[in-house]
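One structure is given here, and the rest of the page talks about it.
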Amino acid sequence: MQVHKYDVVIVGAGGAGMRAAIESGQRARTAVLTKLYPTRSHTGAAQGGMCAALANVEEDNWEWHTFDTVKGGDYLVDQDAAEIMAKEAINAVLDLEKMGLPFNRTPEGRIDQRRFGGHTRDHGKAPVRRACYAADRTGHMILQTLYQNCVKHNVEFYNEYYVLDMLMVDEEVTVDGVTRIQKRVAGVVSYDLASGELHVFQAKSIIFATGGAGKVFKTTSNAHTLTGDGMGIAFRRGIPLEDMEFFQFHPTGLAGLGILLSEAARGEGAILRNSEGERFMERYAPTIKDLAPRDIVARSMANEVREGRGCGPNKDYVLLDLTHLEPAHIDAKLPDITEFARTYLGVEPYTEPVPVFPTAHYAMGGIPTNVKAEVLQDSDNVIPGLYAAGEVACVSVHGSNRLGTNSLLDINVFGKRAGIAAAEYSLTADFVDLPADPEAYTVELLNHVRTSDGGEKVALIRKELQDTMDANMQVFRTAESLNKVLSDIASFEERYQRITVQDKGKRFNLDLLEAVELGFLLELAKVMTVAALHREESRGGHFREDFPERDDENFMKHSMAYKVAEGANAEHTAGIRLGTKPVVFTRYEPMVRKY
Amino acid sequence: MSPIETAETAPEPASKIELPAHIGGGGEIPTFDITLRVRRYNPEVSEDFVWEDYELTMYGTDRVLDALHKIKWEHDGSLSFRRSCAHGVCGSDAMRINGRNRLACKTLLKDLDTKKPITVEAIKGLPVEKDLIVDMEPFFQSYREIMPFLINKGHEPTKERLQSAEERARFDDTTKCILCAACTSSCPVFWTDGQYFGPAAIVNAHRFIFDSRDDAGDMRLEILNDKEGVWRCRTTFNCTEACPRGIQVTQAISEVKQAILSRQV
């Protein structure tokens with residue numbers, strides 16, 4: 001085992017991690033640990049754009065953007081955070097342009113902007129052009145630009161170092177006569193995939209920027225590597241996870257495959273049709289139709305299929321129709337996604353509508369943070385020196401449903417904030433002493449996975465988990481379906497104890513890696529489901545058929561899921577205790593959410 | 001640029017249309033049997049490379065990556081390869097498939113000759129670490145050497161720098177690069193001379209040299225005028241054929257050559 005010492009360690013090299021690294025690296029000695037080469041991160045798969053009220057092509061302002069974000073999130077958004085994000089969006093876009101990002105341009109040479117779901121003029125009056133974009137590969141250009149700037153600033157990367165544990169110490173502190181436990185963070189433990197060796201990184205500040213957990217579902221736009229590692233590590237170390245019941249299903253995944261077709265397609269004029277050729281969104285969202293927020297469109301699509309108006313041999317998808325758009329327009333604005341339709345489904349979008357169905361896309365919930373990106377250990381107290389940003393975090397700017405483009409914005413705004421805050425903290429703080437045997441937990445974890453020989457296959461358990469999540473935890477949920485997931489997970493966990501990993505080597509043992517990842521997936525699927533079971537209302541991305549209305553009286557609050565220590569005497573469901581955290585209101589009172 | 005219809009100018013689409021008859025129909029997706037012949041290597045076990053055959057039943061929309069996963073998940077967990085996004089944008093899974101560099105996640109099995117064994121091996125010219133995994137460090141080292149970041153010596157404006165749509169279009173093609181190394185590792189010059197910058201590094205230099213906002217074109221041209229620079233290119237077009245993003249790699253390289261000769265960007 002080797003021990004490394006840095007002021008700041010950043011875990012994850014997607015958009016949030018690298019945006020943080022650019023700031024932190026110029027202020028303090030910084031290392032970035034990433035399980036993938038940085039340019040492989042899934043930020044690169046984002047397509048449509050990044051919203052900011054630049055008002056380059058029509059009247060707009062950040063207050064409208066804030067409102068749209070709050071309403072889009074069905075009022076579970078912390079309004080102070082949304083306001084910060086919408087305000088800082090403008091500089092976030094300009095920062096990227098100055099770093100070299102090749103945005104599409106207006107005839108005047110300014111950054112061009114286009115429409116996106118849920119982004120409106122003057123509090124919902126009509127769609128507004130707010131999304132800054134680079135064709136339909138905006139995420140690719142953001143990831144490349146951030147990596148380029150990391151190269152420019154000589155950021156130190158540890159590529160293919162998979163972080164498996166966070167080293168925490170509990171301290172008793174007394175403030176105003178009240179004694180409580182204060183968590184402190186000392187470092188992380190990582191596994192070098194190339195050699196199979198463990199490396200401990202001691203740091204004054206640690207930023208988690210590990211992305212999402214879409215692989216708990218079968219049909220997903222997420223990469224194979226998005227297994228919720230950061231959330232899982234934090235949860236195991238006693239940090240709560242906030243609002244995990246809210247998972248976004250993006251309306252337009254390629255049917256059967258889940259590969260994302262950007263909402264920008266609808267922003268550019270594409271429409272959804274059912275088997276009768278009907279533009280059904282006119283019925284569900286009369287004002288902004290196909291550009292309603294994702295939760296509403298996804299639910300409408302699923303409802304069309306349920307009511308027998310699906311297309312195809314099994315009537316299990318609907319159609320995205322671009323055939324009325326000029327091919328030249330499609331080529332200029334949507335080249336990649338139309339290529340996906342051709343490559344993977346053999347459909348020509350110029351002349352044929354494309355089969356689509358909702359695909360698991362984004363975790364609104366995650367590690368709770370405040371607007372400074374500091375991680376909370378409960379509803380009130382931060383853990384000094386620990387930060388999170390991007391999809392792994394829950395600030396909460398997305399509430400119960402994220403608006404399209406706000407994730408690319410989130411990673412830039414809060415990635416930057418995390419990088420600055422972490423570096424500044426590290427310049428004033430001391431190292432926390434590493435615990436004795438810092439790698440003990442990880443050694444035990446890996447030994448168990450490597451030596452267990454019950455014959456259960458990781459891939460099979462994972463597939464069954466994903467199947468039950470798709471069947472029972474997707475767009476429509478009931479207490480019955482959720483309890484089914486929990487009983488399934490209980491049996492998966494039992495089988496997980498008896499897995500056999502075939503690869504016993506040290507070098508690039510990705511078999512072992514997948515087994516560890518499955519452990520995180522099981523843990524997170526359970527947290528999501530327990531939180532969904534407790535939220536007996538419907539809000540944003542969480543729809544309970546047995547509780548179809550929003551219930552502000554009882555549920556206008558964030559959920560906080562805590563892992564209950566074994567043998568602890570606390571009320572829990574499947575080992576998870578649910579607390580709450582108040583929603584921050586500033587200017588917007590909750591209203592009925594209609595579009 | 002000719003005016004094109006946008007969402008603003010295009011006529012509002014019909015609320016209801018007649019769908020083509022075949023949309024409602026379609027049959028079962030066919031299955032077929034394949035042999036995947038994979039070049040295995042694990043120095044923990046042996047220094048030898050070994051071809052191994054796997055007989056698999058696959059579906060109509062499956063890609064080579066699905067076949068590799070089927071082996072790993074159902075037959076032999078030790079088979080090692082990189083992958084992430086699985087739809088051709090992250091650049092993890094460039095490999096040599098039937099002797100040609102491609103992304104495994106973008107190559108549909110039905111588009112290959114499934115009557116014969118499909119061969120899969122690591123990309124060439126970079127040290128193999130295990131099975132289909134190569135050491136990417138030399139590749140990224142070349143990339144870093146061409147200074148792949150915007151260098152602008154002027155005053156920083158308060159808002160964005162202006163750039164016309166035409167100026168933006170000038171380097172659009174080379175912004176698509178995902179650094180998968182399919183081009184560089186298909187280049188015969190790179191195979192024999194690992195010092196050669198290789199097509200990917202030149203593509204990324206091109207992306208900045210022809211960006212109207214960048215002021216360091218001369219420095220990059222000087223770097224690529226080196227004996228291991230663009231002049232090593234023998235215009236075999238392997239790189240252009242290999243690029244999964246459809247970048248006109250050879251053309252980009254020749255534009256850089258032209259720029260060096262004329263020193264006018």
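Cβ coordinates are placed from backbone N, Cα and C, and glycine is handled just like the others.
If you check TrEMBL, you get these features:
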| type | residues | note |
| --- | --- | --- |
| DOMAIN | A:7-408 | domain 'FAD-dependent oxidoreductase 2 FAD-binding' |
| BINDING | A:12-17, A:34-49, A:Asp229, A:Glu391, A:407-408 | FAD binding site |
| MOD_RES | A:His42 | tele-8alpha-FAD histidine |
| BINDING | A:His250, A:Ser262, A:His361, A:Arg402 | substrate binding site |
| ACT_SITE | A:Arg294 | active site, proton acceptor |
Residues from the recorded positions A:His42, A:Gly44, A:Gly48 that lie close to chain B, Cβ under 8 Å, in sequence order: A:His42, A:Gly44
For the domain 'FAD-dependent oxidoreductase 2 FAD-binding' (A:7-408), mean pLDDT (0 to 100): 96
Binding-site residues (A:Gly12, A:Gly44), the one with most neighbouring Cβ atoms at 10 Å: A:Gly12
A:His42 (tele-8alpha-FAD histidine): secondary structure state under DSSP, collapsed to three categories: helix
Fewest other C-beta atoms within 10 angstroms, as judged across A:Ala16, A:Leu36, which are the binding-site residues: A:Leu36
Per DSSP, three-state class assigned to A:Arg402 (substrate binding site): coil
Candidate nearest A:His361 (substrate binding site) in space, where candidates are the binding-site residues A:Leu36, A:Arg40, A:Gly48 and distance is Cα-Cα: A:Gly48
Candidates A:Ala16, A:Leu36, A:Gly44, A:Gly48, A:Ser407 (binding-site residues) - the one closest to A:Ser262 (substrate binding site) by CA: A:Gly48
Among A:Ser262, A:Ser407, the one of these binding-site residues whose Cβ has the fewest neighbouring Cβ atoms within 10 Å: A:Ser407
Neighbour count (Cβ, 10 Å) for A:Arg294 (active site, proton acceptor): 25
